[in-house]
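K.L.:
Submitted below is the structure of interest, expressed as structure tokens.
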Amino acid sequence: MDERLLGPPPPGGGRGGLGLVGAEPGGPGEPPGGGDPGGGSGGVPGGRGKQDIGDILQQIMTITDQSLDEAQAKKHALNCHRMKPALFSVLCEIKEKTGLSIRSSQEEEPVDPQLMRLDNMLLAEGVAGPEKGGGSAAAAAAAAASGGGVSPDNSIEHSDYRSKLAQIRHIYHSELEKYEQACNEFTTHVMNLLREQSRTRPVAPKEMERMVSIIHRKFSAIQMQLKQSTCEAVMILRSRFLDARRKRRNFSKQATEVLNEYFYSHLSNPYPSEEAKEELAKKCGITVSQVSNWFGNKRIRYKKNIGKFQEEANIYAVKTAVSVAQGGHSRTSSPTPPSSAGSGGSFNLSGSGDMFLGMPGLNGDSYPASQVESLRHSMGPGSYGDNIGGGQIYSPREIRANGGWQEAVTPSSVTSPTEGPGSVHSDTSN
């Protein structure tokens, strides 16, 4: 802007300044009659004022086309103009009138509760703040919740958890640093711009602080999105590596084999004693409570669908019979049958052991001829096979009216069925 923005001084030494821009004829800035001070009548009423306003508007429209050097030159001319203090005082008066409405609308906004929750979670997981082993603490807590010591597999998984948590922490801090850097750069740019404008128009320090808070609120949306995505990544990581319920759900194949073998060999009374539970827990590498829960669930599933588990019972019957036959190969007397026999399905030996011919073993191979001959020898005339008379090694036991298990009146080693598989009730005991 040049001197024309503030209005040229009137001819003849009249009052100059802002009042002359767009003054009407007969006003305080022009003599009556709209002519020259000398009394001439050649002037057009209001013509010069309209021309000045048109020139000002034209200059405003061309501001965006100015180069940086031209803008600096015009800014310097404005600051050096003799009417600059008067213009600044007028702007201050206008600001005082409108300042009340600005102050009344300015209120301190409370901290977002969602942002506080995200910050607390990131601190608890060891992602935000100084690294104090938050991931290790979370892994240890999950291991304690699983109800047992830390096995080698668990220790490997916990090591993977800590490694991936460190990656999440690194990504979070690097992105947060980029966000803070961008926010600081933009805030600095705005503050420099306001300081430069304060030389032309009144800008209070409180207004600068308010503008900084507005900028931070705008950037806080990016910060919240970053923290929320980081929390989601941590929760997914915890569900994959530290879910205690998933650890309790799966047993190893060897542990399941040991538990099933005990269950079907004690099918007449599948309630292991505390000593037996401790022994099974030691063999399987699990806790006593897990053994109790497994037997309770197994009894319920077996009674609800006895036909489904008949094939599984037959497999364990074959295993037991083969082990008995191998143990009695060197003796002339018949082998001793299992102490607590009984199974969900019938298994006819027919006294000769011919049924084992051509039957695949548990691992997919056929039984050797030596084992078959040994079994025939042990199941020969007058032996255990004739005693049961083509009966069953394992047979379903009677079930009490209240749904419990009942011992048969026959000897504990060999029994015959008294009730078909259809008579099944749900097990309500533990």
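Here the Cβ of each residue, glycine as well, is placed from N, Cα and C on the backbone.
Feature table excerpt (Swiss-Prot):
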- 13-48: compositional bias 'Gly residues' (COMPBIAS)
- 409-418: compositional bias 'Polar residues' (COMPBIAS)
- SER136: phosphoserine (MOD_RES)
- SER151: phosphoserine (MOD_RES)
- SER159: phosphoserine (MOD_RES)
- SER330: phosphoserine (MOD_RES)
- SER395: phosphoserine (MOD_RES)
- 1-52: region 'Disordered' (REGION)
- 55-134: region 'PBC-A' (REGION)
- 137-243: region 'PBC-B' (REGION)
- 327-347: region 'Disordered' (REGION)
- 375-430: region 'Disordered' (REGION)
K.L.:
Could you count the residues of the region 'PBC-A' (55-134) that DSSP puts in helix, in strand and in coil?
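P.N.:
Output for the region 'PBC-A' (55-134) reads 57 helix, 0 strand, 23 coil.
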K.L.:
Which secondary structure state does DSSP assign to SER159 (phosphoserine), in the simple three-class scheme?
P.N.:
helix
K.L.:
If you skip the near sequence neighbours and keep only those at least six away, which residues in the chain come within under 8 angstroms of SER159 (phosphoserine), Cβ to Cβ?
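P.N.:
In sequence order, no residue meets the Cβ cut-off.
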